[in-house]
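Take a look at what TrEMBL says about it:
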TRANSMEM  20-42  transmembrane segment
DOMAIN    24-474  domain 'Major facilitator superfamily (MFS) profile'
TRANSMEM  62-79  transmembrane segment
TRANSMEM  91-113  transmembrane segment
TRANSMEM  119-139  transmembrane segment
TRANSMEM  151-171  transmembrane segment
TRANSMEM  177-199  transmembrane segment
TRANSMEM  348-370  transmembrane segment
TRANSMEM  382-407  transmembrane segment
TRANSMEM  419-440  transmembrane segment
TRANSMEM  452-471  transmembrane segment
REGION    495-526  region 'Disordered'
COMPBIAS  497-515  compositional bias 'Basic and acidic residues'
Amino acid sequence: MASAALPRAIESKKNGNVKYAFTCAIFASMASIILGYDFGVMSGASLYIKKDLKITDVQLEILMGVMNLYSLIGAFAAGRTSDWLGRRFTVVFAAAIFFVGALLMGFAVSYAMLMAGRFVAGVGVGYAIVIAPVYTAEISPAESRGLLTSFPDFFINLGILLGYISNYAFARLPLYLGWRVMLGIGAAPSALLALMVLVMPESPRWLVKNGRLADARAVLEKTSGTPEEAAARLADIKAAAGIPKDLDGDVVTVPKARNSNETRVWKELILSPTPAMRRILLSALGIHFFQQASGIDSVVLYSPRVFKSAGITADNKLLGATCAVGGTKTLFIPVAAFLLDRVGRRPLLLCSAGGMMASLLGLGAGLTVVGHHPGAKIPWAVALSIASTLAYVAFFSIGLGPITGVYTSEVFPLQVRALGFAVGVACNRLTSGVISMTFLSLSKAITIGGSFLLYAGIAALGCVFFFTYLPETRGRTLEEMGKLFGMADSIVAEEDQSARGEEKVIHPNGRKLDENQETAATASLS
């Protein structure tokens with residue numbers, strides 16, 4: 001009886017640990033709601049902002065897309081802030097910034113004040129984009145990391161859907177009030193997030209980087225299936241952080257680099273990367289570029305205009321169709337979440353990009369036909385445009401949407417992970433800004449149908465890039481990723497030894513090792 005009870009107790013503890021990791025991932029991923037809500041709500045609010053503030057299409061383009069450029073500030077600052085304050089409190093900081101931005105937009109009395117609110121909110125969005133996937137990846141066990149790190153994208157889409165619903169719910173308010181309520185109510189999820197984060201643990205990898213081994217061990221024991229798995233994960237993280245295997249204790253002094261850590265990180269990632277690091281960086285930049293350059297923000301931000309071009313004119317029908325886009329986009333995210341750790345990243349990426357390309361061809365063709373027959377009702381072209389839009393966001397949600405964050409949070413080594421993710425996000429936001437700030441002008445130049453045919457060509461290039469350049473990462477621990485890109489263990493050990501330079505390795509009791517002991521500790525990294 002006792003022997004039968006023991007496996008059940010172990011299994012119960014394992015299930016409890018998995019649920020704990022899920023809970024932490026969900027709380028951290030809620031930071032992504034603020035990004036999604038802003039994008040979703042602006043698609044409908046822009047219709048009323050233009051009428052109320054009497055702004056031009058160019059001003060509207062800038063208002064819609066400039067947050068992507070502002071978010072670059074938050075994205076780059078997030079890397080340094082998360083290394084300084086920790087991943088958990090960076091989530092709180094992001095929520096606080098967006099809370100202020102949402103209130104500024106909600107109480108805006110002029111275009112200039114609205115732009116100021118967009119600036120503040122944009123910085124908060126940049127923080128949220130970076131920190132949610134990084135924290136989730138660092139706290140997740142390898143076998144469920146794909147599922148858990150897809151949560152941020154799910155919450156982005158949930159935020160978009162909530163933004164669309166907000167448009168629909170407040171559209172009947174007076175013109176001067178409706179769009180302000182739509183934007184200002186975005187402060188609510190930020191305040192809720194700041195409260196929820198109090199129950200989250202710190203990232204074990206950040207704790208190890210700061211020498212807090214006992215705290216890291218406690219978190220790993222809560223988020224791993226077995227004590228043996230927790231011990232193995234801790235050993236891997238210590239090795240990646242440059243801490244010798246035999247250096248143990250509650251709090252240890254982490255060996256310091258001769259150069260500042262920040263300088264070293266920039267050198268390793270940007271200034272003089274190894275061929276393996278260069279491939280990792282280009283992989284991250286490529287997946288972020290193609291995610292945005294294939295036109296997703298044009299569909300999300302300008303879906304009312306797309307449906308209007310397809311022949312739907314009434315405001316309530318436009319917003320209703322837009323809600324269908326948000327619902328479809330959110331509905332298909334769980335498909336990716338449950339397939340990521342079963343079929344892998346590459347198959348889903350290729351299926352996603354191929355489906356997006358076909359959908360964009362259908363959308364471009366339908367809008368082109370409608371555009372060539374102004375005033376005429378062409379039901380099949382309208383139906384093709386609507387169906388293609390829904391198919392496009394569905395294919396985006398099963399692959400390129402969630403996998404971009406998953407892949408980027410996985411492939412970078414520990415020492416450059418925060419900065420690497422920030423660089424990827426910077427590429428993402430810059431590309432998104434260009435796409436969203438040029439869509440109306442591009443549509444006037446080559447027609448709205450031609451714009452989506454152009455995006456289809458970019459999606460086709462993305463298929464080629466994903467097939468030829470990106471390795472599969474399914475089932476690998478974060479510490480094993482370097483091998484996929486040709487980063488040999490000996491090189492990693494040599495870099496860690498070089499980073500320590502002339503510094504002596506310190507035991508938890510503060511005593512320096514003698515020369516022979518230090519050599520043995522250094523050799524243990526190899």
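One is the number of the first residue shown, and numbering goes on along the chain from there.
Positions of Cβ are set from backbone N, Cα and C atoms, glycine also.
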Which listed range (20-42, 62-79, 119-139, 419-440) shows the maximal number of Cβ pairs under 8 Å with respect to the transmembrane segment (91-113)?
119-139
Count the CB pairs under 8 A between the transmembrane segment (177-199) and each of 20-42, 62-79, 382-407, 419-440, then give me the winner.
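The listed stretch sharing the most Cβ pairs with the transmembrane segment (177-199) is 20-42.
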Tell me, what is the mean pLDDT of the domain 'Major facilitator superfamily (MFS) profile' (24-474)?
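Taking every residue of the domain 'Major facilitator superfamily (MFS) profile' (24-474) together, the mean pLDDT is 84.
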